[in-house]
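K.L.:
If you scroll down you'll find the structure; I have some questions about it.
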């Protein structure tokens, strides 16, 4: 969308009736009574929809000793219509913002409304997916992005692999459709922390076609770090050209970094053979091998900004990657 703001990356080597009204209405029913009844019906309908989408209804029934028939009903995969759907000035493409997440609620409360405002000002059709890992394994950012890719709406045609603690501040940053190749928004020249030339983390845009071509990301990286370096090799192996922003003059003030290492410790432990394995290229696994279960899918509004929270339970083959647990 903004070709003047993109450049090829300069590299070293070129994801019946209601029970509330049973028995009918009394003969003399005031307008006030009708209003209260309608309001109550609306409230309980919304409450039932929320519980049924999150799976809480099934859990509540089982808690009362009753059996449910089949798994909890999944919410519709398509996000609700947005105000821009009929506005051609917003362009034909739609972005799925994939946010790997675990226990960073303070950052999330800032991230969702900020990204909503930022992308709306740029007229980027989008929907935010919070990929919340709820199993007991170590955090796996790459596998969560694979899940987000598979579970995102078919109406989206490109993705942003987006850290929850990195907020774009410069309005000239391009979040448009990356037709020519993967676009690394948080380039080494602009990221507040990481400056090596092969870095592709933080914020990376890819078309869904190109992400499939790379077979997604490796699922072998449990704990913090290195999954982006392996994905860089996948990008090059797929024959794709990596692009980065050009003409941005705000330097390391281009983004706001929310992470506080003093109270938000990262899991940087290397267990068993993980230290040796982390530098290898996973030539077999990826999008086609990720194993998971979506425990619930819930539509939320954070500060008036809509998003979808996927509670995800990843599966780990402890024979192949014993470092997925701390034991």
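Each position is counted from 1, following the chain as shown.
Cβ coordinates come from backbone N, Cα and C, glycine included.
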K.L.:
Of the residue ranges 10-30, 31-51, which one carries the transmembrane segment annotation in Swiss-Prot?
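P.N.:
Swiss-Prot lists transmembrane segment for residues 31-51.
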K.L.:
If you look at how Swiss-Prot annotates this chain, which of 63-87, 88-112 comes out as region 'Disordered'?
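P.N.:
Region 'Disordered', as annotated by Swiss-Prot, spans 63-87.
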K.L.:
At the Cα level, what's the spacing in Å between residue 102 (UDP-alpha-D-galactose binding site) and residue 226 (N-acetyl-D-glucosamine binding site), rounded?
P.N.:
18
K.L.:
Distance between residue 229 (N-acetyl-D-glucosamine binding site) and residue 165 (Mn(2+) binding site) at the Cα atoms, whole Å?
P.N.:
19
K.L.:
Whole-number Å only: compute the distance from the Cα of residue 140 (UDP-alpha-D-galactose binding site) to the Cα of residue 316 (disulfide bond).
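P.N.:
That separation, Cα to Cα, works out to 10 Å.
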K.L.:
Tell me, if you would, which residue among 140, 154 (recorded positions) has the fewest other CB atoms within 10 Å in the structure shown?
P.N.:
154
